[in-house]
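Asks: The following block contains the structure, expressed as structure tokens.
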């Protein structure tokens, strides 16, 4: 069954002229959600939808006589200080609001005058987290990343035997997830140098980013009820770009036998906009498993997942040092990748997570794990790009990095483009490293 509908039509244009500009992240075919207020104000945060360089104030819109039925119910819920209630309504309501907004924003719409009063310039707003993230699980879905990292630490056995059988994940810390613009102090912890007899305590020396996607859950499931793979994506509200910061030297010492702890709990950063699963329909692609690899167990297998379970979401990473900012240098792009390389799909992640009856709540988030591609230039972390710190990356102003230094700003972006469809973007997620306290 086709997931494409009239909201994806490349020929649609908007009366919001900035939405029609080439390479705009937020054309009328996108319509992502966020929580915002006017910059520097004490206004309540409320839901908004991006269109061009503007945002629709859903709290204002819900008071107008424009929306009806499921779309009105959805807009009322999305007007709250978090999107959790709206996300929990389910796919029927998400789609109804998307279609109603698409029609109201199209060139020639009878609602242009009414909606004009709900627009706020994105340059005049600030964001909060789009929802209350109650629980967060980070997966490890890039086989290229897993193999590259494994080769650094276990050259004779880079990929552990369970990787090709089970979607690997661990439960992370949601309290330290923040929205783009986050600053954080360099983490501290125990490390042990290879030639040291005992560990030492101090600031991390091998601070790294991880290029990931965040996957927001919408409608939840009851405790004890598994979500079948055929129904998994009905529970997925949308996606963001996600930087899951890592202290590699802390991680190397602490991760056995239970996995990372202090190395991963100090900060994670999300882009403010959630691009809905429905908006991504044109950029889906088939998912395949190499015939020489184990095929998924029955509960992780479906025809729909094979036919269109993967998403071709492009991503890149840029670094801007403190010196670059002070001298007016633009950030340097250090790598690009795509989510289409993921060894496991979103549906498989959701299904495996709940197969034992684990319950999701609206607003819960899954991390995709670092997304690296098949070439070295597509590595999603400095750990890979620097080959474990043995090599340095040269930035546009001549500075070099193996790992991040104080004052470094990391910017990640995401976008989708496909012939016959509009280009849509995720915006960016950026954050800056401060010195250790």
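Any Cβ shown, glycine's included, is placed from N, Cα and C.
When I checked TrEMBL for this same protein, it listed these features:
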ACT_SITE  145  active site, proton acceptor
BINDING   138, 210, 212, 244  Ca(2+) binding site
BINDING   140, 154, 251, 255, 370  substrate binding site
DOMAIN    165-433  domain 'Fumarylacetoacetase-like C-terminal'
Asks: Which is it, of 210, 212: the one of these binding-site residues whose Cβ has the most other Cβ atoms within 10 Å?
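Replies: In terms of Cβ crowding, the pick is 212.
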Asks: With every protein chain in view, how many other Cβ atoms are within 10 Å of the Cβ of the residue listed as 'active site, proton acceptor'?
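Replies: Counting Cβ neighbours of the residue listed as 'active site, proton acceptor' within 10 Å gives 28.
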Asks: Would you mind sorting out which of 140, 145, 251, 255, 370 (the recorded positions) have a C-alpha within 10 A of the one on residue 244 (Ca(2+) binding site)?
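Replies: Qualifying among 140, 145, 251, 255, 370: 370.
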Asks: For residue 210 (Ca(2+) binding site), identify the closest of the recorded positions 140, 145, 251, 255, 370, judging by Cα separation.
Replies: 370
Asks: Starting from residue 251 (substrate binding site), work out which of the recorded positions listed here (138, 145, 212) have their Cα within 10 Å, and give them in sequence order.
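Replies: Taking 138, 145, 212 one by one, none has a Cα falling within 10 Å of residue 251 (substrate binding site).
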Asks: Could you measure the widest C-alpha to C-alpha distance across 140, 154, 251, 255, 370, the residues recorded as binding substrate, and give it to a whole number of angstrom?
Replies: 18
Asks: According to DSSP, does residue 138 (Ca(2+) binding site) sit in a helix, a strand, or coil?
Replies: strand
Asks: Using C-alpha atoms only, work out the spacing between residue 212 (Ca(2+) binding site) and residue 370 (substrate binding site) and round it to an integer in Å.
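Replies: The Cα atom of residue 212 (Ca(2+) binding site) is 5 Å away from the Cα atom of residue 370 (substrate binding site).
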Asks: Over all shown protein chains, what is the count of other CB atoms within 10 A of the CB belonging to residue 244 (Ca(2+) binding site)?
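Replies: There are 24 of them.
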Asks: Rank the binding-site residues 251, 370 by the number of other Cβ atoms within 10 Å of each Cβ, and give the residue at the low end.
Replies: 251
Asks: With an 8 Å cut-off on Cβ distance to the 138, 210, 212, 244 Cβ center, who else from the chain surrounds the Ca(2+) site?
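Replies: Apart from 138, 210, 212, 244, the close residues are 211, 242, 243, 246, 268, 367, 368, 369, 370.
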Asks: Given the binding-site residues 138, 154, 255, 370, find the one whose Cα is closest in space to the Cα of residue 145 (active site, proton acceptor).
Replies: 370
Asks: Between the Cα atoms of residue 154 (substrate binding site) and residue 138 (Ca(2+) binding site), what distance do you get, rounded to the nearest Å?
Replies: 22
Asks: So if I measure Cβ to Cβ from residue 140 (substrate binding site) and keep only same-chain residues at least 6 apart in sequence, which ones fall under 8 Å?
Replies: 146, 163, 167, 168, 169, 369, 370
